[in-house]
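Trainee: Before anything else, here's the structure in question.
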Amino acid sequence: MSDTRRSDFLRDWAVDLAIASVCAIFFGLIGPFGSYLNGPIWQRVAFQLACFLPGILIFGSLVRVVLRFRLNPAMTWMSIVLGVVILNAPFQIWVVSIAVSIWPFLKILRPLDWYLQGLITALPIVLGFTLFTQARLHRRQQAREAGEAPPTAFGLLGAPPSAVLCLQMEDHYVRVHTAGNSRLVLATLNQAMMALENADGLQVHRSWWVARKAVVRAVTEGRNLRLQLANGITAPVARSAVAIVREAGWLTNENPTGGRSTETEILST
């Protein structure tokens, strides 16, 4: 069992036991089936706790086992009901032993009375608990799928792919450049590029991704190549990426210069 599953397992049982305790206290206070006449509140609450806590372990395990088989809805509910009908019989042996030890006069009740009273109490509670458990599993599955899904541009970058001009790595962050604005997000460049989905652009450097529409012109300085972008910044092009950029048709406005270009000065400041 992984650490995550173990944590979920323990957390779920802790929540279930807490809910069972609350239900026990509630039943002890209201005294259903005339049990409010049996004795003082503290006795009734103690009795209900002695019933609900082992009850949640027994019937909670039943629900978990049935749901693990992933049956169709009809079979799931039939299995739960049948399981309650069967397990209620041995469970009532425990209930009766506790009850008569606290209130000896309850020995006058027949076994059938105990069984039916327990079934009337347990069945709706277990069915409600099944719905609760199904909802909990569904939420957890959705969260797991959301965590496994690739990040979206809005969720990770805070902008739609069409608005992103370039991505620039800064330490453990990515700076997302849009028209007239930029923001830092905690991500790798690969994660940020995945969030852009099929946006038209290229990774021109190990630390830069540039959108095609953002390129105003290319400036060469000897063997170095830089791209001037629409937002006024320049992006370096790695030598290994020059052929890819040229093949993509981005260098139609390539402008050779003899010295340090204005664009280079902008980048270095």
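Note that Cβ sites are derived from N, Cα and C of the backbone, with glycine treated the same way.
Got these off TrEMBL a minute ago, pasting:
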TRANSMEM  12-33  transmembrane segment
TRANSMEM  45-67  transmembrane segment
TRANSMEM  79-102  transmembrane segment
TRANSMEM  114-132  transmembrane segment
DOMAIN    160-251  domain 'HTH LytTR-type'
Trainee: Quickly jot the same-chain residues contacting the transmembrane segment (79-102) by Cβ under 8 Å, restricted to those at least six beyond its ends, or write none.
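Mentor: Counting only partners 6 or more residues beyond its ends, the transmembrane segment (79-102) has Cβ contacts under 8 Å with 38-39, 43, 46-47, 50-51, 54-55, 58-59, 62-63, 66, 69, 71, 111, 114-115, 118-119, 122-123, 126-127, 130.
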Trainee: Could you tell me what the rest of the chain brings near the transmembrane segment (45-67), counting residues at least six beyond its ends with Cβ under 8 Å?
Mentor: 13, 16-17, 19-21, 23-25, 27-29, 35, 38, 76, 79-80, 83-84, 87, 91, 94-95, 98-99, 102, 122, 125-126, 129-130, 133-134, 137
